[in-house]
C-alpha cells in the first residue's frame with residue numbers, strides 16, 4: 001500500500017451505510033469539506049443532525065447502481081454482505097473505494113489519524129491489528145500534543161518568509177533547521193525573537 005493524502009474539498013463522497021462506522025467516517029469528511037451523500041435505509045442521530053443543517057444529503061434506501069455514478073470516493077460501511085458485493089460488482093476502475101468490513105475488497109484503506117494544526121499523522125497495521133493501531137495512535141497523540149497546532153503554523157509562516165529572503169540557499173537552510181529545535185515550540189518569546197531576526201534580512 002502506498003500512503004497518500006487526499007484533498008476532498010468539494011469532491012463527491014458516497015457513504016453507503018448509516019451506522020457507527022459511517023458516522024465516524026463522515027465526521028472526518030465534513031472537516032475536509034467534501035460533498036457527501038449517504039445512502040442507507042436508516043441513519044444515526046448524528047447523520048440526521050448533519051442533514052438538518054444542510055451539511056450532507058441522505059437517501060433513505062438501499063444503494064443502487066445509479067448512486068455509484070460519477071462519485072469520486074465511495075465508502076461502504078455496512079456489514080450487509082449483499083450490499084458489499086453489489087457495490088464491488090458495479091464500481092468503475094477509476095473510482096476510489098474503501099470497504100470497511102474487508103480491506104482487500106477496496107483499493108483504499110483509511111488509517112487511524114489525528115491532526116495538530118498543519119501536522120497530520122496516520123497509522124495503519126494493514127489490517128493486522130486494529131488494537132495495536134489504536135495504541136500507537138494514543139502514544140503519538142500524547143507525544144505530539146496541542147502545542148504543535150500553534151507551532152506548525154509558526155513553522156509554515158517562517159518557511160514562507162525565509163524563502164522570500166535575499167540570502168543564500170545555505171543560509172535559508174540554516175534558518176529552517178534552527179526553528180525545528182524544540183525551544184521554539186515551547187516558547188512564544190523565542191518565536192517572536194526569530195521573526196524579528198528575519199525582519200532584519202529584508
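Backbone N, Cα and C define each Cβ position, glycine as well.
The annotation NAD(+) binding site is assigned in Swiss-Prot to 20, 21, 41, 42 on the grounds of similarity to another entry.
Remark: residue 41 (NAD(+) binding site) has 18, 60, 61, 62 as non-local neighbours, by Cβ distance under 8 Å and separation of at least 6 in sequence. Taking the centre of the Cβ atoms of 20, 21, 41, 42 as the NAD(+) site, the nearby residues of that chain (Cβ within 8 Å, site residues left out) are 17, 18, 19, 22, 23, 40, 43, 44, 77, 78.
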